[in-house]
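Listed in TrEMBL:
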- Ser237, Gly238, Gly239, Val240, Asp241, Ser242, Thr243: ATP binding site (BINDING)
- 209-410: domain 'GMPS ATP-PPase' (DOMAIN)
Amino acid sequence: MAIDPKQVKSDLVLILDFGSQYTHLITRRIRSLSVFSLCLNGTSSLQSITELNPSLVILSGGPHSVHTPDSPSFPDGFLQWAQSNAVPVLGICYGLQLLVSRLGGEVRVGNTQEYGRMEIKVENASALFPVEKVGHSQLVWMSHGDEAVTLPSGFNVVARSQQGAVAAIQNPSAKFYGLQYHPEVTHTPEGMETLKHFLFDVCGISAGWKMEDVLEEEIKVINNTVGPDEHVICALSGGVDSTVAATIVHKAIGDRLHCVFVDNGLLRYKEQERVMETFKKDLHLPVECVDAADQFLTKLKGVTDPEVKRKIIGKEFICIFDAFAQKLEKELGSRPSYLVQGTLYPDVIESCPPPGSGKTHSHTIKSHHNVGGLPKDMKLKLIEPLKLLFKDEVRQLGRIMDVPEGFLKRHPFPGPGLAVRVLGDVTEGNALDVLRQVDEIFIQSIKDAGLYDVIWQAFAVFLPVRSVGVQGDQRTHSHVVALRAVTSQDGMTADWYYFEHKFLDDVSRKICNGVRGVNRVVQDITSKPPSTIEWE
């Protein structure tokens, strides 16, 4: 259960996703303009599109070619519906080619493929660019091998690349538009200006997406869902998401919320003590701590596959929540019916099937513990008040409810905990103890250097390899650990953080001298994409 998109007090910009790595970025960029936006699989039914009543539909890019027989496409009747209801449609990259192809134009493999930064020139006045842009050039980010060579009836070229390829098209009478480049990425410096002009000046979209309205609507939804005598369990992880979710539900139903913090044996250094103190001292939430370390670690013994680890952890959490519900039933005389989770929109996006895959279930980027890791026979019904929000929006919501700033700025921590930061079997040797110590040194060093709030997420990873070293004039054959730190806005894309060499040198020395069993420290310098932020 989450807020109904149709109840949001804002025009909706709907993005039909055809598999571009930037689709979520379009969603986020539009929300940054105070406009509500959602992603929907590009091959969804016409009904699922129309029932959302979008004010604008954007067709995303994607890795496909319109020439291949299994390339994804919007449903039959979509363009007719959009035109008859005066809903503008903007195709980006593959989306432009799809528009051209479906309307009878011609798309061919380009003579010269265009990837990376390219210069385009605005040739004609149009709805896509203000009149003062005509005749001027701008840098944009291209990523395409095919190109439109013959436009459908009613369309004209608005801009071309230096190579002469079509870069922007329009059919203003039908309200169909196309950009062959990505305006949503930072590599297109004037991209946000283009989007803003198109949304507000051309499409007349209203900027009504406010966190205050979201909070009000969420509380209303919770009160309408949870009966006056029903009780709710909340799984608190110690992270921002579950804490903000619990605070919203507590505002709605008060003491009928019962929070449980589970120590699954996969927590960071002294996490249980630190988090429980914060819950009681700063957040005033009713929380019971359950020590289930042995239960989790017994189930995880010998397991090395990250997907299986996530599934096991999700199942064990639910077993504990069911047991907690039974305990409350004896105390209250009635069994809690709902479970609150801090699932975010990126969790949902990453657990959705890719367009063109033919799948209707979760794919294997990762099964999120809140999405793909839960058993189907779970007895508790879910309440997920943050399911349509990005991380920075959750933090905004927390500030409105006076959640302490220090808590809101905590780095994200995965639901499966250190199980996805120990590569391989988490129970083997002393991997968890080693990782906790290394992680504590790394995070404390970041805080001491004044970098904690600059970095989106930082952590250590225990690698399933050993290396030869020399410590205390003796040969060692010890563990290797990796350090990971990234910057990001919403966790959907990320860049690795550039530490100064002295900082890395100091941290490496502290770890190798202070943690028994470690003789080598490496840094992960991979962005997302191509990698994910977590290693598993």
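Note that Cβ sites are derived from N, Cα and C of the backbone, with glycine treated the same way.
Apart from Ser237, Gly238, Gly239, Val240, Asp241, Ser242, Thr243, the residues listed for ATP, the same chain places the Cβ atoms of Leu236, Val244, Ala245, Gly342, Arg410, Phe413 within 8 Å of the centroid of those Cβ atoms. By neighbour count, meaning other C-beta atoms within 10 Å, the densest spot among the binding-site residues Ser237, Ser242, Thr243 is Thr243. The Cβ of Gly239 (ATP binding site) has 19 neighbouring Cβ atoms from other residues within 10 Å, across all protein chains displayed. Its own atom aside, the Cβ of Gly238 (ATP binding site) has 23 Cβ atoms within 10 angstroms in the protein chains shown.
For Val240 (ATP binding site), the count of additional Cβ atoms within 10 Å of its Cβ stands at 24 [all protein chains shown].
For Asp241 (ATP binding site), applying a Cβ distance below 8 Å and a minimum sequence separation of six or more within one chain yields Gly342, Thr343, Leu344, Leu386, Lys391, Val394, Pro412.
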